[in-house]
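Worksheet: the structure to be examined is printed underneath.
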């Protein structure tokens, strides 16, 4: 109940803080920010227009900077970090998880990042440098180095006493890792096993085996898929010599899952998934222009097709009026298939073994819907324009285009993936170009031939 | 390393099993299935065309049925469950988490579901019936009832002894819940605290407070958002009397996050996010037709606009050739904004406080890109058609339409949300209709007026 209220408050905080900012009640805002959790301040910053965002950042307790930065969307984080002094940044990252510090530092220019690192104490610096040496989207970039290791030949009681002396465990610790004298991972001891086992039992007798360790080079999407399927809370990371090098926790994996899913949705609309909701106008305009430029080419391709049939269009204006319907339906139907295939590829459901079945199924759906909408649209055109020939032509073009849409909707994303081009980014536009060109060619071609 | 290999194997399993199935080597397939984890079998089933899927299901050990069903996509699960005998289903659900049993049973007709329930033992039945009494997308539908409760006035040592006698803890247990004599939740004892605290300390002295409990009626998307922001592994669920009724674990929340994100992506393309990649042709065709029907209306609206300018089109075919460019660019630019706003609404970034700034920003981007593309396309048209007037007309229409696209891209999703219509589902099509109608009207209207 308390949490429900708190949750609604998070939605309201934005409203309150903006009002207080507008009225210049900075002391009030500072006090409000002090009462908020870092993750809620991050949310507030992301939801704030850029002017208020800078003011809010100034009013935030620098002690919270590190944790807030870690929770921020990449573009928002980069904008804030670029204005911070290296000393403030170094201080902010104190006590943070290695992978989170690496996330904050990754976007900095090399010389600034070196300066921040030089301000850290030596052991922190070494750990962060190790994290930075792995690609951001690999296990090495995602992992934390704060693991608790134990030996297999000790009793459970010894482990418990060791932990009591240690006093505090790293966040989301659900297992201790058992290593041999060469620091190789040989097993793990889930904490739930630890507390349900008699004190005099040896660790090696109750530990789970280590075959679920993640290679340090594994990609973050593959890791997310493993966590999702295995319902893990954390997993150990090993290098090529089986040495334990860190651990990955579910909270970081959840971010990967969210980002991967957002990436598909935003890419399909031609947007960068890092884009800040309140990004600067010119920066956004430039980013989005690339996509608009691609669409100009697609639109000109379609116009060139119509251009070839200029004589037909001159002869009968009704053809020009109707010529947008067939490409439009083909684009919508094809994009339904593209969305299904992109999801299937992302989930690993589509491979060599079932491509043919998928193609046959989508072509069949194209045929079924093609026949249905050919009849309906043909009927509407006959009723509207009183011209049976026009109705027949649009029906034939519709059927052809929906069939093409089904086939292209399966083949285009799969081909793009084979060519290492992101199907979510390029699939929709490539598909629309195909359905525009084919739809217009068939409709105008038939019209030229028949009328 | 072992896991990396296992992961690649999962991708290959599909290929191998399909080949073995095609060659009728059923014994081999059955053996392969026995060696696989339930979640991997679920993945294999989802990735299999429907014919092989039924054969695979027959070859799977019925002991694994329950766990496999829980991991399946809704449409695939429903298809398999509908063919199972109630007794087999009842047996399959034995030992499963309550929320997972509820997920499996929810799609069954009432009489079948009652029959399955009647085959369960009484305590399981009561717990499942409770879960079924909550909406599927609420905390009640998501929670598990297997909580471990303790009293606050006992020592840590007593708790440890109690757990050792119990022997096994529910999956993803990271805290024990402290209740008072009225079964009200008063605190929680993280397991990491339990093992780092001296044995003679009282639970109430080290427990965390209970203000992070989730109300049983909270929606699953709000819960996902809380888990993401707070980095929780599990959280207690309470009813309106503060009674502890269950707990929610991160693995179920991850599914919600994945589904919500998929929902946005699939809805924007006019697809149902439950759609099975290998759904039956007629079922899919029917589902997708609704969306195609909506698009027919949109396409006819655009055609009606062109129809009003039939005389102009008759006069100059070049206008017909060029008339698709402006609506196409407006649709793409507008959908970029729609994607940004849909994500912002889903993340709770957009509210009354910042709507105006967002609108101003997107209108400004529309203006900037409008000016740029107006100049480029105007130039192309002048070069292509050698007609300065046509170039001027298309430039003016382009600028207007990209500005409209920016404004409509912000207002349409927000308005739809206010009207309780899913903006991800209806936003793109509503936007495209607006940009088609405005783009065509301005271009053809100016052409009629000027030429």
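The backbone N, Cα and C atoms fix where each Cβ goes, and this holds for glycine too.
Of all ranges given (B:259-286, B:315-342), TrEMBL attaches the label transmembrane segment to B:315-342. Contacts between the transmembrane segment (B:428-450) and the transmembrane segment (B:363-384): absent, as fewer than 3 C-beta pairs lie under 8 angstroms at sequence separation of six or more. Non-local neighbours of the transmembrane segment (B:390-416) in the same chain are 318-319, 322, 325-327, 329-331, 333-338, 340-342, 345, 350, 355, 358-359, 362-367, 369-371, 373-375, 377-379, 381-382, 422-423, 426-427, 430-431, 434-435, 438-439, 442-443, 446-447, 450-451; each lies 6+ residues outside the stretch with a CB under 8 Å from one of its CB atoms. The list of residues near the transmembrane segment (B:315-342) in space but at least 6 beyond its ends in sequence, with Cβ under 8 angstroms from a Cβ of it, reads 264, 268, 302, 306, 350, 358, 362, 365-366, 369, 373, 377, 381, 385, 387, 390, 394, 397-398, 401-402, 404-406, 408-410, 412-414, 423-424, 427-428, 431-432, 434-436, 438-440, 442-444, 447, 451. Note on the transmembrane segment (B:290-309): residues 270-271, 323, 327, 429, 432-433, 436-437, 440-441, 444-445, 447-448 of its chain, located 6 or more positions outside it, place their CB under 8 angstroms from a CB of the stretch. When pLDDT is averaged over the domain 'CBS' (B:207-265), the result is 89.
Cβ atoms under 8 Å from those of the transmembrane segment (B:363-384) belong to residues 322, 325, 329, 333, 337, 390-392, 394-396, 398-407, 410 of the same chain, restricted to positions at least 6 beyond its ends.
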